[in-house]
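Peer 1: Relevant sequence annotations retrieved from TrEMBL are reproduced here:
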type     : residues : note
DOMAIN   : 25-435   : domain 'Major facilitator superfamily (MFS) profile'
TRANSMEM : 40-57    : transmembrane segment
TRANSMEM : 63-87    : transmembrane segment
TRANSMEM : 99-117   : transmembrane segment
TRANSMEM : 162-186  : transmembrane segment
TRANSMEM : 198-217  : transmembrane segment
TRANSMEM : 285-305  : transmembrane segment
TRANSMEM : 317-336  : transmembrane segment
TRANSMEM : 342-361  : transmembrane segment
TRANSMEM : 382-406  : transmembrane segment
TRANSMEM : 412-430  : transmembrane segment
């Protein structure tokens, strides 16, 4: 049976929220996403700039240290499907809101503790071991976050505007990227010695404030009407993950195929680009600055892409993102290597602001259409997070390895082209329809 790109179970959709109530849900989810993903993305940004010097022995080759740090980065992604299974079970059984409060608590606590970790010079190999352990906790939290926040909006938005409103939630992810990059850029203005000794810790310690604010925001959001009706009828699945794997395996595979280009390319263009800048002799501060500008512009573009998907359908918008991601891979590295600030901004604009925005804006509507209410959280979590292992989790490590062996960005361009081809072929199997 062909999966259609309209919200599954449209006939079972309850009366949607309107006006102030809907705005509160959208704003709460967007801000909650921003706060949650600020923590998760902060690791990737700091990993490229400072972790190799803090958590590895002095004298370690920069590329070798980067490989070790990005291996820890990948471990966080390995934990994400397990977090997705755990929190999607909670979300499908006991409510989306309950699961989201717990994911935020875990993420905030783990990130705060990262800021307190001693260096390799102080406690030896225990330092990177503790860093990896906390990264696992981050991965568990991140694995349960996205599906729940997506459902809070898609199950509340009115028919015909699901893409538009859910895009605001996705813009929250980009706001988290922006906040983490901006925080690191600010502390990077400190003298090098101060930055390495204590400055890099400040954005991590700020998570204690983020946790308090995020918890308050999450507690103000009501449970979705779709889940309340499901619970009132006693129709919650007892084992939603198993039910999804038994009844919707193709849908999970489709979500995975759609995810790899978006997730894999974004971590190459954001996290790995700082490592590549060092290799190319380009100051990291210039790259961070260009990245931050692209995130600012990206926010309204994501919302516009979501609105466009309501008008022409999610498939053409998603296909546009996947195809242009492949087309822009070579220009990205070439432009970054010039060291010209304007050209580096263009590089991030092409990849971050156009290609990534097109794919990420349409994911909530597209992925939610694959599953019914009783297993939707679990289905989204499985497809979204399993794909993250093989795409975003490994892409900085793979890109760094290719650079270390070939001393050229061409193998990385080919790697990104493979990811784009997988996503493009998957998108072509989806029946083109507009969102519900």
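Using the three backbone atoms N, Cα and C, a Cβ is placed for every residue, glycine included.
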Peer 1: Check for me, if you would, whether the transmembrane segment (40-57) reaches the transmembrane segment (412-430) - at least 3 Cβ pairs under 8 Å, residues 6 or more apart in sequence.
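Peer 2: No, the transmembrane segment (40-57) does not contact the transmembrane segment (412-430).
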Peer 1: Is the count of Cβ pairs under 8 Å between the transmembrane segment (63-87) and the transmembrane segment (198-217), pairs 6 or more apart in sequence, 3 or more?
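Peer 2: Counting Cβ pairs under 8 Å, fewer than 3, so no.
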Peer 1: Quick one: do the transmembrane segment (342-361) and the transmembrane segment (198-217) reach 3+ CB pairs under 8 Å, ignoring pairs fewer than 6 apart in sequence?
Peer 2: no
Peer 1: What stretch in 99-117, 162-186, 382-406, 412-430 has the biggest tally of Cβ pairs under 8 Å against the transmembrane segment (198-217)?
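Peer 2: Checked against 99-117, 162-186, 382-406, 412-430; highest Cβ contact count belongs to 99-117.
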Peer 1: Do the transmembrane segment (382-406) and the transmembrane segment (317-336) share at least 3 Cβ pairs closer than 8 Å, excluding pairs fewer than 6 residues apart in sequence?
Peer 2: no
Peer 1: Residues sitting near the transmembrane segment (99-117): Cβ under 8 Å, six or more positions beyond its termini, same chain?
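Peer 2: Long-range Cβ neighbours of the transmembrane segment (99-117): 32, 35-36, 39-40, 42-43, 55, 83, 87-88, 90-91, 127, 130-131, 134-135, 137-138, 140-142, 144-145, 148-149, 152, 201-205, 207-208, 210-211, 214-215, 218-219, 377.
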Peer 1: List, by number or range, the same-chain residues at least 6 past the transmembrane segment (285-305) whose CB is under 8 A from its CB atoms?
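Peer 2: Same-chain contacts beyond the flanks: 45, 164, 167-168, 170-171, 174-175, 177-178, 181-182, 184-185, 188, 270, 273-274, 277, 317, 336, 339, 341, 344-345, 347-349, 352-354, 356-358, 360-362.
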